[in-house]
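Only one structure is covered here, and it is reproduced in the block below.
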Amino acid sequence: MMESALTARDRVGVQDFVLLENFTSEAAFIENLRKRFKENLIYTYIGSVLVSVNPYKDLEIYTKNHMERYRGVNFYEVSPHIYAVADNSYRSMRTERKDQCILISGESGAGKTEASKKILQYYAFTCPASEQVQTIKDRLLQSNPVLEAFGNAKTLRNDNSSRFGKYMDIQFDFKGNCPKVSSINDRSDWKMVRKALTVIGFNENDVEELLNIIASVLHLGNVQYGGEEGNVCITSDTQIKYLARLLGVNGAVLTEALTHKKIIAKGEELMSPLNLEQASSARDALSKAVYGRTFTWLVNKINASLTYTDDSHKNYSVIGLLDIYGFEVFQHNRYIFVGLKVWMWEPVQYFNNKIICDLVEEKFKGIISILDEECLRPGDASDVTFLEKLEDTVGGHAHFVTHKLADAKTRKVMGRDEFRLLHYAGEVNYNVNGFLDKNNDLLFRNLKEVMCMSENKILNQCFDREELSDKKRPETASICVQTLFTSPVSTSGYGPAPFPILFPPSLHPFLTSFSLFFVCLCLPFQAATQFKASLAKLMEILMSKEPSYVRCIKPNDSKQAGRFDEVLIRHQVKYLGLMENLRVRRAGFAYRRRYEVFLQRYKSLCPDTWPNWQGKLADGVATLVKHLGYKPEEYKLGRSKIFIRFPKTLFATEEALETRKHSLATKLQAGWRGYSQKSKYQKLRTSAIAIQAWWRGILARRRAQRRRQAADTIRRFIKGFIYRYKERCPENEYFLDYVRYSFLMKLHRNLPKNVLDKSWPTPPAALSEASEHLRKLCMQNMVWSYCKKISPEWKHQMEQKMIASELFKDKKDNYPQSVPKLFVSTRLNGEDINPKYDRKGYKARPRQLLLTANSAVIIEETKLKQRIDYGALKGISVSSLSDGLFVLHVSSDDNKQKGDVVLQSDHVIETLTKIAICSDKINNININQGSITFTVGQGKEGIIDFTPGSELLVAKAKNGHLSVVSLLSLPHSQSDEVFLNGSQTELQMMATLTHILDTRTYVLLTSPILQSHDRRPRSA
């Protein structure tokens, strides 16, 4: 909205000049334009008048989104834009059922044509169209490049200036639909023109003939004359040949027509040669006539292609679009102020341009009438006589000055062949040289005859043979203008054709000044009169419509983006009458808004109207302005709007709103946060309930499914149990599979931990064989795993322990004490001396026992006392008690032996085990209870009696026997028991291995151990 930008007015200015505090200052006006131009804000309002500054660059403000933004929106609810003017006219046409018109004015290069294109683009996008209308829209789209290609020219101020004014009626049916609208393409290059001609309906022959005509005009400009006075000739035959071919005429006839004129006197035709000046004028007249009439033909062709044949809707409305330079001067002084006087509180002083208009066009006394009269009068008329007649006729006019009538100061800056008009926008000088010559720019009869004989179809239509029978003075320019303004072709099918002000290219050299009067004066005689009549007709049309205005301003002459030429813009502001327009607007009210809009924006400033007003809108606005402290002279209340006279009142209100916004924002934030959190909580609660219900449903369904599955499983299990002894069948397959699975899972959980663990789950009958295979595989796997883990030394130790276990376990009392003690390779450390008992007196003597590979050797210190070959060793005897005595039985046949040997060892278990291993007499060890009989020598025997006692005692008894008292076995400690059990377990494992492994495996395991004893002495 306009109000939303007021807080940034120091940077971007105001969107409506009416809100300028110093509205009478031209400097303030231009400074506001500068601020907005710097921020790329090229549109500003003066009330309902749109001021547009050409940015000379593309701005992203013409997209479809922008069109939608301005569609159907109140004029002041959005920022100023050309779309707002277009939409406001459209809505006014629909709601008020009255024709509208949009008048676009500004000097060349200010962007008038672009403004008209944007309006047409807006209507093309926002108005619905049928398929036929779409075709017409496409043709109208392509007509602009064609018209610009033929009707635009380079001027001092614009490289592509429109040399024709254009007015078009956009006709709508009663529903507001647009039968012909267009978005205009702004590039008129060659490919686009060719494409446009095709879309409009030109065939290849039409295009070829049209281009031939354009080329002929260019070649006519190259025709040069020579020769003496009265005998003019064309210097180059080449141009004539080109012209004859392009125009489709006879070259000789064309040459004669360009150098002679036909005179009819008393019914007789005479050919009169032309002088050099007359021949050049005839050549130029032909060029202008050919080009001008071709342009007229082109306009008629386009109008014919735009004919809309749907007659279903007879009622239609019109939005007129006028794009013409200088027209704003006439409209501003003849129409705008008249229409705005009803809003004035006080008279506004402004320059009424009617006095200038009367000076130019007054009948019999105006400058145009004097020019007509001077051209028609007989005698030697010239530009000088025309100027003298002006001095005689209008010399007393306050706004007319010549060199002769001026004061001394003015004469210094005026030529003798100039006159000056004092326009409201400034003083303009006009040079009369060439006025009469250009008005006498006539096309001779013989040139018309040549064109009528042309084989070019377009020229045949442009030059009608009926003109040859017309005896009146030829009217070259007037025919062109009249055709343009009174074309009978309707572009919509709903009514008469629109009146496009299309100045023919023959008038281009005269359309370079900014003055409407200059345009009129520079036209040929008939054209000036006709143009005045056409403007009167156009004014009649415009007066029947509600106007909207677009004032276009160009910021600089060099077309540079971002450059703001203050001098140039001040000049345009002056002659466009923008300051007068602003003063008229400010003579009434600077600001006006509908009650609902005003109340909606500022209701927060009054407690009675915030947050909502429940009563009438007028009462709410009255309450609001009373609370704001408006003075009676600052505002007025109408039927539906509030009117504020001074901008400062609005600014103060807007600043109060800005201050109020902070507290409102805090309240709104608090309210919103509370609402947001409450809404969030409600959503979370609802979501939680939904999730809980959903999850409970899932759990319930899962429980029900599990119950069903459980019931089915139990049912199948029971049925399988009943049929468990039958062959596998559907009734028992589940049960049998379950039994097998259960056994395998039980076996998996209860596998034996070692080779000594003999536990194994009882298998079902169907898995007995498989269970046995699995048990063997499991045991074999454990054996191999254990064997891989033990070292060779430990394996040798365990073999000895295993043999000791087989020999003495549960047979000799001191065996348990030997289990935790490791067997060593020697005990000859000086402390472990084994006593030997004599065979006769049983006297104990210290001896050492060495075990070799072939014999056992008994040594006393370093003396060899006895050698017992293993072959002579018959056996070994030991008691079952805890003593350490043992007897080595030798053969009586060996003369080297004196008898059996009685020895005692503290490590009897280890000693006997190693003797048994070395002598290979494992099976020859006898464990006796009570007594042992041994050979003393020479057939005599001795007896050793063993009895348990409290202490160890070895002595000769009275009966001659050797009496041995052994200690009773003591209970083991808990740690000894654990170690004993562990060691015993190891021995059991080794024994088990021996039985499990086959013979080859046993040999491999024991052979290295047995070999390790070869040739190595053993000591016990």
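Placement of Cβ uses the backbone N, Cα and C atoms for every residue, glycine included.
What TrEMBL records for 13-658 is domain 'Myosin motor'.
Annotated ATP binding site per TrEMBL: G106, E107, S108, G109, A110, G111, K112, T113, in sequence order.
TrEMBL lists 535-557 with the feature region 'Actin-binding'. Beyond the region 'Actin-binding' (535-557), the same-chain residues lying 6 or more positions past its ends with a Cβ under 8 Å from any Cβ of the stretch are 33, 37, 48-56, 82, 85, 88-89, 92, 96, 98-107, 109-112, 115, 157, 167, 318, 320, 322, 328, 330-331, 334-336, 339, 485, 499, 501, 563-565, 568-569, 572-573, 576, 578.
Marked as domain 'TH1' by TrEMBL: 791-968.
Broken down with DSSP, the region 'Actin-binding' (535-557) shows 9 helix, 8 strand, 6 coil. Computed over the domain 'Myosin motor' (13-658), the whole-number mean pLDDT of the model equals 75. Around the Cβ of G106 (ATP binding site), 26 further Cβ atoms fall within 10 Å across all displayed protein chains. Within 10 Å of the C-beta of T113 (ATP binding site) there are 23 other C-beta atoms, taking all protein chains into account. Sequence-distant neighbours of G111 (ATP binding site) (same chain, 6+ residues apart, CB-CB distance under 8 A): S52, N54, C552, K554.
Cβ-based crowding with a 10 Å cutoff singles out K112 as the top-ranked of the binding-site residues E107, S108, G109, A110, K112.
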